[in-house]
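Database features (TrEMBL):
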- 722-732: compositional bias 'Basic and acidic residues' (COMPBIAS)
- 488-605: domain 'OmpA-like' (DOMAIN)
- 569-592: region 'Disordered' (REGION)
- 629-738: region 'Disordered' (REGION)
Amino acid sequence: MTDARHRPSTALTTIVVLAGAGGLCWMAATATAHFIEQRSLQDVSLALQTGGYAWANVTTNGLQVQLEGTAPSEVQRFRAMTQVASVVDPSRIVDQMQVAQAEAIEAPKFSVELLRNDEGISLIGLVPAETDRLAVVRLLQSETAAPQVTDLLEAAEFPVPEGWELALDFGLDAAQLARRAKISVAPGLVRVSAITDSPAEKARLETDLRRAKPEEVVLVSEISAPRPVIAPFTLRFVIDDEGARLDACAADDDAARNRILDAAHKAGVTGAAGCTIGLGTPSPQWADAATQAIAAVAEIGQGSVALSDADVSLFAPATVDREKFDDAAGRLEQALPAVFSLQAEREQPVEADAGPAEFLASVSPEQTLYMRGRITDERMREAVDSFASARFKDVESTLRTDDAVPGGWTVRVIAALEAMASLKNGSVTVTPDLVRITGTSGDQHASGKAAATLSQRLGAGAAYELAVRYDERLDPLLGLPTGEECVAGLNTVMSESAIGFEPNKSIIAGDPAETLAHLAEIMTDCADFQVELGGHTDSQGSEGFNADLSRARAQAVLTAMQADGMDTGNLTARGYGESQPVASNETEEGREANRRIEFRLLSDVPVRREPLPEPVVVSGVTEAPATLSAPAATDAEAEPGAETETAASEDQAVEAIGPRLPEPHPTTGTQEVSRPAGPQVQTPATVGAAENLSHPLVLGPPAGLDADEENARLPVQTPDDNTPRPEPRPEDAANPPQ
């Protein structure tokens with residue numbers, strides 16, 4: 001009975017013990033789980049912070065580690081998972097992270113750069129994958145004569161942007177039109193930077209680009225042309241009653257032009273003034289000379305100055321004070337750079353008593369003579385004009401009569417003009433006390449010959465001053481060719497042994513060594529001339545292709561000449577395509593003739609590499625002239641052959657000293673002078689200031705004139721083998737029937 005009572009209590013105790021044990025286990029498990037959660041949370045949080053994954057959130061649930069948050073990318077999510085797995089077992093990780101939605105990839109900026117020069121065409125840039133790059137290359141190869149087309153393009157798989165195809169097509173057209181250019185193509189936009197051979201080609205290219213441009217495409221062009229060749233390099237500044245102005249102006253660059261225009265505006269020029277930038281300046285100090293010359297005219301207040309290459313001419317009217325003019329001319333002469341030479345002239349007042357008599361003359365390189373000053377009377381002016389017209393190509397005279405000039409003045413003037421015979425260009429000033437000659441000549445003995453001529457004309461005691469500079473380009477003894485002769489020789493070589501090319505290419509075919517050797521021989525004396533080397537083709541092929549091919553071939557020849565050691569600094573290559581045929585393109589012979597390389601002279605003025613040497617100033621007094629012939633014998637004393645010997649000796653004197661004015665045949669009253677039988681030989685004679693007349697004249701000279709001046713009015717031509725003569729009389733006329 002007792003055992004029955006104790007059984008319920010045992011069971012209760014067991015239950016209580018078990019419940020307590022379970023409670024203790026639960027508490028232990030809870031404590032352990034909480035510990036593990038906290039420890040995992042701390043470890044994972046620390047790992048994420050260390051790895052830079054602050055965007056990830058961590059929660060723990062027992063052994064589970066839950067990762068939440070929005071990862072910037074899938075890569076970042078994976079890296080965060082990897083970082084957490086290094087701390088806790090991967091099986092405990094519950095990935096609930098999200099990945100941010102990726103932004104749409106922006107299409108790249110498509111663009112193409114077409115670079116074209118004599119070496120070929122290069123394509124650089126990024127194009128849509130749909131662009132047929134092979135077709136682009138083939139188009140450029142077929143429509144241009146470029147030696148090679150280099151494709152450096154890259155493609156991207158993106159839609160073709162709006163305006164791309166039109167812009168690309170126009171860019172390819174521009175590459176065909178411009179032979180040296182950089183062409184940038186973008187959707188709806190084309191930029192063209194090109195260099196042309198001339199202003200005319202620049203205008204043509206601009207016009208062609210405007211015509212080819214689609215309306216939907218924007219064109220931005222920057223086209224330049226080389227400076228023109230200016231010969232002679234000229235500037236003329238004038239101050240007169242109408243004000244100050246630039247009649248002509250040339251400059252070698254923008255800086256020089258700005259300096260010249262600034263000086264002109266300071267001197268009184270109002271409004272816009274033009275000044276052409278070009279090639280051909282005689283000195284890098286052209287702007288210095290021009291500004292100093294303009295300042296000199298501004299200083300005297302009225303007059304003009306002209307610069308023609310290195311020659312500077314300062315002129316002032318008679319109203320300008322002589323002392324003021326001399327001061328300005330002196331300062332200008334000192335300020336001019338070494339290569340420039342100054343000729344300063346002040347117009348003499350019209351009044352006869354305004355000062356000593358003066359005669360001024362200048363001759364241009366084109367042999368145009370300008371004369372001004374005083375002369376005895378109208379008849380003597382006609383005599384001087386006639387003499388000058390016989391010696392020079394053109395004559396412009398403003399001589400005025402003045403019967404107060406000293407005796408022998410006309411002979412003095414004619415002697416000075418004759419002494420200028422060996423000058424290519426220069427001037428002469430004649431006063432009663434001095435004959436001054438300056439200029440340029442191709443004769444190394446020009447000064448000596450001028451002095452001899454003055455001695456022959458004026459006799460002993462005439463003072464002179466000579467300043468003649470020597471130019472070897474003008475020396476006939478050196479036999480240097482002219483520009484026309486150089487070009488003719490070069491073209492002759494090309495016609496006799498032409499340089500051939502491969503079909504439709506600018507590659508020289510065969511060995512051009514022999515032709516280059518002949519060209520080099522001519523270029524030895526012709527490198528100073530500016531010459532164009534032009535390429536020409538037949539009419540087969542497109543116009544653009546022919547233009548490109550002709551220029552490429554001309555450039556190939558120029559390159560070959562340069563590689564052969566020739567001085568090609570003054571040669572330029574240009575392509576004319578089919579525009580200048582010399583034969584019909586309907587036949588094979590005509591097409592062959594049209595495919596040629598041709599030289600053309602750009603300027604007949606050689607490019608000086610160094611300035612001319614300074615003139616050697618020679619001053620002195622003339623000596624007595626040598627006897628040219630014995631006194632004329634009377635008709636009764638004349639012996640056969642004497643006249644011929646006398647003529648021969650006089651002809652030798654003429655050849656040594658120069659031509660002389662003829663002497664009129666003397667007569668006495670109306671008495672007829674007897675002549676020896678046989679052919680007559682007329683000998684020239686001149687009566688100079690120191691010579692005596694050997695026969696009296698029927699008509700004496702007018703009052704106030706020397707007999708020598710009167711003789712100068714009657715020039716008589718001396719016949720020679722080239723003098724026209726009448727045809728022989730027919731025999732029936734010479735022997736009429738009886």
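Every residue gets a Cβ built from N, Cα and C, even glycine.
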Integer mean pLDDT for the domain 'OmpA-like' (488-605): 88
For the region 'Disordered' (569-592), sequence-distant contacts whose Cβ falls under 8 Å of one of its Cβ atoms, 6 or more beyond its ends: 179, 197, 527-540, 543, 546-555, 557-558, 561, 602, 607
Residue counts (helix, strand, coil, in that order) that DSSP gives for the domain 'OmpA-like' (488-605): 48 helix, 26 strand, 44 coil
